[in-house]
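Enquirer: Straight from Swiss-Prot, here's the annotation block:
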- ARG48, ARG54: NADP(+) binding site (BINDING)
- ARG125, SER126, SER127, ASN238, ALA239, GLY278, LYS293, PRO294, THR295, SER296, SER297, ARG319: FMN binding site (BINDING)
- 359-390: region 'Disordered' (REGION)
Amino acid sequence: MSGNSIGKLFSVTSFGESHGPAIGCIVDGCPPGLTLSVEDIQQELDRRKPGTSRHVTQRREADRVEILSGVFENTTTGTPIALLIRNEDQRSKDYSKIMDVFRPGHADYTYWQKYGIRDYRGGGRSSARETAVRVAAGAIARKWLQQRYGIVIRGYMAQLGSIAIPFKSWDVVNQNPFFVADNDYVQKLETFMDSLRKSGNSAGARINVVAEGVPVGWGEPVYDRLDADIAYAMMSINAVKGVEIGAGFNSITQKGTEHSDEITPEGFLSNNAGGILGGISSGQPVVVSVAIKPTSSIRLARRSIDKAGNPVLVETHGRHDPCVGIRATPIVEAMLAIVLMDHALRHRAQNADVVCSTPRIPGSTTNQIHPVEMQASAPRAEDPEPDESS
């Protein structure tokens, strides 16, 4: 199997399966001299780990990270950093009934057709268990970006099922199990999830993530655009089915006078572009949104086939997240950090000596992390009526 790595100068290669002895990754390209401890990584893993509330899988994994190489006396050496997380609470017997059938919505059928063999225990390599090591690698990137450039990466759940959650404050995001930015919605979400769990069904979610402090100039047109690499990274996360940058699909209904972010000496008036123009960071906050599908592992019977092609009904038992989006915020943050660090190093390698005579305008103003809200508040010229004769 190929395709287990991401990044060019800052690269992450993951390995391991859901019910194997361990999962891990090799982080290559981290510059030397970064102060890094187990605690720096563990605090991010603890935000993602399972069993933290009744609304997520009850698989009990401590997700204790081990640093095997690349760090000496709590300082990165510039050599590959090997990270390991041991699996401690597998229940492979829960999956014995599906070893010869294909679960609808899962990678069972496609893995079997491609490789002629599959690890059916917990999804094997296709399990979201693999995302733990992404969070571990992302913790390294986050710390380097923060120390080197002052970049802050934060995410929150913006929608759970049909419930849209408004943004109220970053301060409350880590104070509730849903990573929502409005604590007034927590009880409503609790009730929704309790009902969902009892029904045996699942739900999707929308996660927004913002990187503030990203300098102007990062991104490698044409095929390695910053937004293209971000979308690539986000789509590699299990269950992600859509990615938006800035205004995203709302751009369809906007007019040019509304979507194009006007520029003044004091800064941009809006951020519909999501902080990226022509594939290059503009100095504004980088704004990304991802859509996460409902969990495919549900207790309700679904039609499928077995290995012989015979029709069967599949009921998935075991410990599963009724909404994988609940634990997805740290994962989405991590993938954005990995992409940004890779592009930071690439920009530094090729363009560090570039001097531009045009002053860099301020990149961050009020509400630019919420482009839709900014559209309503930004001063704009009146849109002309369309010319019916044209």
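FYI, residue positions are counted from 1 along the chain as it appears here.
Cβ atoms here come from the backbone N, Cα and C positions, even for glycine.
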Enquirer: For ARG48, ARG125, listed as binding-site residues, tell me which one has the smallest number of other Cβ atoms within 10 Å.
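Expert: Counting other Cβ atoms within 10 Å of each of the binding-site residues ARG48, ARG125 gives the minimum at ARG125.
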Enquirer: How many other Cβ atoms are found within 10 Å of the Cβ atom of LYS293 (FMN binding site), counting all protein chains shown?
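Expert: If we count other Cβ atoms within 10 Å of LYS293 (FMN binding site), we arrive at 17.
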Enquirer: Least buried of the binding-site residues SER127, THR295, SER297, going by other Cβ atoms within 10 Å?
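Expert: Taking SER127, THR295, SER297 as the binding-site residues, the minimal 10 Å Cβ count falls on SER127.
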Enquirer: C-alpha of LYS293 (FMN binding site) to C-alpha of ARG48 (NADP(+) binding site): distance in Å?
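Expert: With the alpha carbons as reference points, the distance is 18 Å.
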Enquirer: Tell me the Cα distance separating ARG48 (NADP(+) binding site) from ARG125 (FMN binding site), rounded to the nearest angstrom.
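Expert: Between the alpha carbons of ARG125 (FMN binding site) and ARG48 (NADP(+) binding site) there are 18 Å.
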Enquirer: What does DSSP call LYS293 (FMN binding site) in the simple three-state scheme?
Expert: coil
Enquirer: How would DSSP class ALA239 (FMN binding site) in three states?
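Expert: The residue in question, ALA239 (FMN binding site), is coil (DSSP, three-state).
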